[in-house]
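Peer 1: The following block contains the structure, expressed as structure tokens.
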């Protein structure tokens, strides 16, 4: 049951094959079994069981609130949740319990979902590995999959398997691990420069970043206001569309959301792609790109071409400046946003009472880790009066040029862009932490951050397993507010590639029979 799609489990609940309470208990049991993954910071067991009881009553009366009534979901721990601690994986917010729900959380609760808990992340979502939070790193469920373990045994002799676990990607790694390990059916992440798409690619999931303004940011603790969007992590495109249909739309509490009413996101089954034009940005073919990802990217383009689509090489000429531009704008907004954490109103406060200034300094030193403090320092440097024009204003102008690059390509008749999501498959934790956070983030965000600066929708779709037995994802980028078209194309592609199900027999009694049977071919692109 835990391996089914949202639509399938919703049908099972309506038909009485399982009750919300039974489903909730199965997920809670699995959360306990997979505690070593460190996917959750807070498990809201009592809340979820109470919500399940209420959902059960509605089903008995034949009055479910919607397709998601009684379905377990998880939420990244940078979304405010009434009565449930919201920490951003930082000492600064340990013990902070918000008095209100983020709009996206409230919209899900209004549909009767079961909130299983708050998921782990990099501190204040600053990172691309989910390794830098105060609660420790998140382990990728694929580290313990049969596909990876069997191939590792063939290659390694006598190495300690348990110390060689893989990162999930970040910063929404907890949400990705929670969905990949079947502890919930969907999860909310946030995406500022790729924080939903990156872990989705490493964990074999769908990671969707909506158009900026389509989904409310109210209650999402801000990192970069002009780029942050709530992201959605699921196991298939249809599930993403169901969740997006609930979350999308105007919110009076977020002035950046669209004013127009949003229709439900029902995805048509695309059978003919011959009228589509797929753009392949030549600037995304970088030297650091692994040969396996490059090969799958090329085969994906060939797949569209073989089905009659027009596939053309396109140019996004300002791509080479995007990561530097993103760094300047990101750290500048971070410095501004982090100013609110002063030890006076909420969150951590140190014991020093020599002076207000000393209290501020000690509070922020104790509350923030090195990564956050480093970004604040960078941002404040760029915002100094003597540097403002040369850095911040210039970066804003480059951002406009990057957005124009995308607009020019889409105006030329291209429907979607096809790119890699990450440079390679997931790397072992011990290898990942050899580099500093800033270098790792620059590498991890290379294909994803430009989309945030342009406000476009993008989705990472799992394509195939690497030679190591690990997921590789490719990214589709769409026109602004053409999220439905983007997901429709992603759904067609998903159907073609038939990504295999993760095999976690040792962890999961509930799914073992399903997983043994569901060894799908490892993708048409690998043939």
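Using N, Cα and C of the backbone, Cβ positions are placed for all residues, glycine too.
Small disclaimer: the values here were computed from a predicted structure and weren't measured.
Grabbed the feature section from TrEMBL, which reads as follows:
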- 24-146: domain 'Amidase' (DOMAIN)
- 76: active site, charge relay system (ACT_SITE)
- 146-167: region 'Disordered' (REGION)
- 167-487: domain 'Amidase' (DOMAIN)
- 171: active site, charge relay system (ACT_SITE)
- 195: active site, acyl-ester intermediate (ACT_SITE)
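Thinking about packing and proximity, how do these listed features fit into the structure?
Peer 2: Note on residue 76 (active site, charge relay system): other Cβ atoms within 10 Å of its Cβ, all shown chains, come to 32.
Counting only same-chain residues at least 6 apart in sequence, those with a Cβ under 8 Å from the Cβ of residue 171 (active site, charge relay system) are 121, 122, 125, 126, 127, 128, 130, 189, 190, 195, 199.
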Peer 1: Could you give the number of helix, strand and coil residues in the domain 'Amidase' (24-146) as assigned by DSSP?
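Peer 2: Each residue of the domain 'Amidase' (24-146) counted once, the result is 48 helix, 19 strand, 56 coil.
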